[in-house]
Amino acid sequence: MSKAVVVFSGGQDSTTCLIQALQQFDEVHGITFDYGQRHREEIEIAKELATNLKLASHKVMDVTLLNELAISALTRDSIPVSNELMDNGLPNTFVPGRNILFLTLAGIYAYQLGADTVITGVCETDFSGYPDCRNDFVKAMQAALEQGMDKKLTIQTPLMWLDKAETWALADKFDSLELVRNETLTCYNGIKGDGCGTCPACLLRKRGLEEYLADKEAIQARLSAKCEN
């Protein structure tokens, strides 16, 4: 029996990955992390989606220690979300070590479940300037987890080379565009669906959707070409 663990925030990207995984694996388990995030409404959204999509299991893990260590606009309500980069060239929504921690814990959870695959929705094409969304980082994490647990483990990144328009096309491929558009939470200000429309996450999501809806056939063809390679 094939099993996978999906790092599941309840946002557009992880929900799209989850829907795809349900078509590819016998058992799909979700893991969601509560790190005291600004947009923690996403946790309740993830719970609702996990129930509605009938996951084999859904674990919400308390990792609020990360909030104490990582100062970011996503971990401090007192820091406004900015569309400008900081002096170090990173967005102020970057949470240092977040994906290191998430993938480590997801790998441990997969080990306990007997799953050989961890799936995450990180993307280098539209990676918002986050260094822990890059392919080289994911490869390094996979190698470290395999060495550290002496177990074959694959970290799949279905969206790694897709732009946001192609990610919408992928959701549509599985007849889930409206579900992803209306029932997920990507907004840094915690607003479901199309969100606030002004934060970096909403702007990226909106541009991708507009591009996809303007020329579905071309974007679907582009997605198919990438999936074949």
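Glycine is treated like the rest: Cβ placed from N, Cα and C.
Swiss-Prot lists Phe8, Ser9, Gly10, Gly11, Gln12, Asp13, Ser14, Thr15, Thr16, Cys17, Leu18 with the feature ATP binding site, giving sequence analysis as the kind of evidence. DSSP gives Thr16 (ATP binding site) a helix state. The Cβ neighbour count for Thr16 (ATP binding site), using a 10 Å radius and every protein chain shown, is 27.
Among the features that Swiss-Prot reports, Zn(2+) binding site is placed at Cys187, Cys196, Cys199, Cys202, with the record citing sequence analysis. In this view, Cys187 (Zn(2+) binding site) is surrounded by 24 other Cβ atoms within 10 Å of its Cβ, with every protein chain counted.
For the pair Cys199 (Zn(2+) binding site) and Leu18 (ATP binding site), the Cα-Cα distance reads 24 Å. Residue with the densest Cβ environment among the binding-site residues Phe8, Gly10, Ser14, Cys196: Phe8, by other Cβ atoms within 10 Å.
Applying an 8 A CB threshold to same-chain residues 6+ apart, the list for Cys202 (Zn(2+) binding site) reads Thr186, Cys187, Tyr188, Asp194, Gly195, Cys196.
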